[in-house]
Every structure is written in structure tokens, then in C-alpha cells.
Amino acid sequence: MGKHKRGHDYQLMDGGTFPLFTEDWTSEEEVLLLDAIEQHGFGNWDDVADHIGTKTGKETSEHYADNYISGVVGQATVEPFKNKIVDHTSADQEVLSPTLLHPPEPVEMNNTEQQELGYMPLRDDFEKEYDNEAETLVSGLQFNYDDEDVEVDLKLGIIDMYLRRLKERQHRKNIARQHGLIASKHRIIALRRKYSKEDREFRDATRVFARFKSHREWEEFLNGHLRERELRARIKDLTRYRKNGITKLAECQEYDEQRLRRERRKENKRKMVGGTQPRRTNVSMGKKNEASSEDKDEKDRSLSSPSFEDQMKNCPTYNLLSLMERQLCASMHMKPGFYLTIKTIVLKDNLLRRQGVQVKTRYPPNLDKTHRKHIMNFLKESGWVATS
């Protein structure tokens, strides 16, 4: 009590009649205002006014906004609003954020193609979007004032999932427009016809990676790959010319013509050996044709055999062949390793037959019947296989 004595004068004071912010609002009414907002919720000003009993809904709303939101209480308790609006009109070259300053070029399509694709050119949109059911995530989503923090976080996570699906939808639209996938079907087919078969196969195989680059960068990559393949083929041709002693470009065409004629002669010779020989009616004419064909074969052999013999000499199994076997392989253009495989199969099966085991020789599937006949005749003449 301090220095207060029983005989001192005193005065009774009402603790709820003095004002806090304005003269027309007492401290008791301020307490009733805060209790009513907590009970009825922000915005139900008529119920709040009924709870206070001396104020109207408009007066209650204006007093709360002036003193508790815009006043000293609001400045001390409410954080300043941060503008989260993002300017999407900046000139950004990223795929997911295309510039909106320049409208996209109109797509050339006829009415039938637009109806089949569901494309609306005036709106630059589709009737059925990619992931068309994405809006079902947020269609029934509602925020209530009595939601707990876990529920609010869950709903915000659902909204984030929806935004990611919208970004993926827009991402696919941008890729389809940049790479000309919405264009006319006939125009796309006409563009594909300009490329070779290898180029079309490469484009189809790598199409899945086109979304990671812009249309211009992707076309530069494809053109660079095409140019690389052309240079590799040209280097290979020049290397072949050099190995055959050609040092001038003027001699290349003549060499290609001669090589083409040699290949045609080989093909004709192979057909003649594989087919049945025609019946000769004139012996002298037959001998003359036979002599001319032998001369031609000898000439072909002199033109074509050196390169193949050089290849045979580089084989690791070349030294395992006899002189006659080397000549046989050279005449059939057969590699020594393949010949030794066939020889091993034939000798093994022949040994089993001598022991009384009935076996059927299984030759390699890529062995020509004519070559098989030549090999069997050679093995019989050499004594490796007994004649039946």
C-alpha cells in the first residue's frame, strides 16, 4: 500500500470507460470487438456488431481496418506485403518461359486436319489438352479458416503438383510449335522425302532428345551430323583411290567405271557357275566360247585377285593352308578361317561315319551350294574324304 493511510481520500474509477484509439470507442468495446472477431470470424461484421451491442456493422468494419490493420497495431504485427507477381514478358530464350512480346506464327492447316487434330487456330489451342484431367486435382479444393497447418500444407502441395503439370503441358506445346509438329501432314512428308534413308532413321532415333534444344540448335546438330557422314564417306573413297595408286581426281571416275564393270563380270560368272551349262550344238563354237570365257576369267582374276590375296595374307590362319587350298580360297573369294571351319566339320563327320555313326553334315547357313560342291570335290581329290 506504500504511504497510503486509512484516513486518506480515495476515488472509485471505471476501468472500461476510457478510450484507447478514438474517443467514441471505449476500452471495453475494444475487448468485445476482438472477442467477437475471434468467435465469428473476420468479415462477419453484422454478428460482431450484435456482439458489441452499441455499434453498427459499418462502424465496426471501419474501426478495425483503421486501427488494427492500417494503424499502429497493424504496422507492428502485420508483415509488409511482398509482391510475388512475376513479369513473364521478359525476352527469355528458355523453353519453359517463351517470350510473349512476339506472337507465334500462324500454323498452315486445312479444315480437315484441324478437325482431326482438334486444333483451334484462332485461339492457338487444342480442344483436348495434354494431361486433360489435370484440373481434377484442384477442382474440389477449398481453404477454410479453421484448417490446421498440416491440411494447409497438403493443399499447397496439391497446388504445386497442378502447377508442374501445367508447365509440362505448356512445355509440350512449345516443343510442338518450335519443331513444326502441328504443321500440315503433307508438308511434313514432303520435308522427309528430301533426306536419305540413313538420315531419316537417324532423325527418328534421336527425335526424343529434340526437346532439350531449340528448333534452330536441333537443326544445326542434324545438319552437322549429315555433313560429318558425308565427309567420312568421302575420306573413305579417297583412301581407296590412294591405295589403288590413283593420285588425281580426274582418274577417279575412270577407276569407278572399271570397278563397276569388274563387279558385273563377277556377278555374271557366279550366275554361270551356279546354273546349268547350256547344251553345245557346235563343238568348234563351244571351244571358241570356252577359250574366250577362260581368257575373260583369267583377265578378271588378274584384275581382282591381288586385292583379295592381300586380304588373305593378313588373315591369321593363312599359313595353315596348303598351296592348293590357298588357290581354292582365292578362286571362291573365301576367307581361310571360314574354309578351315567347313573342312573341320566335313572331316569330323566323315570320321564318325567310318566308325558306324550315322550323322548328317550341318554346313554353315551362309555357305553357297556351289562353293560347298567345290570344297567337297577338292577334299575327295586330295584324299581327305573317301569317295562314296
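Using N, Cα and C of the backbone, Cβ positions are placed for all residues, glycine too.
Where the annotation comes from TrEMBL, it is an automatic prediction and has not been curated.
The domain 'SANT' annotation in TrEMBL covers 20-72. Mean model confidence for the domain 'SANT' (20-72) is a pLDDT of 89.
Taken from TrEMBL, the feature domain 'HTH myb-type' covers 25-72.
Positions annotated as domain 'Myb-like' by TrEMBL: 25-68.
Per TrEMBL, the feature region 'Disordered' maps to 257-310.
The compositional bias 'Basic residues' annotation in TrEMBL covers 261-272.
Annotation source TrEMBL lists compositional bias 'Basic and acidic residues' at 287-302.
In the domain 'Myb-like' (25-68), the DSSP tally of helix, strand and coil residues is 34 helix, 1 strand, 9 coil. Each residue of the compositional bias 'Basic residues' (261-272) gets a DSSP state, and the totals for helix, strand and coil are 12 helix, 0 strand, 0 coil.
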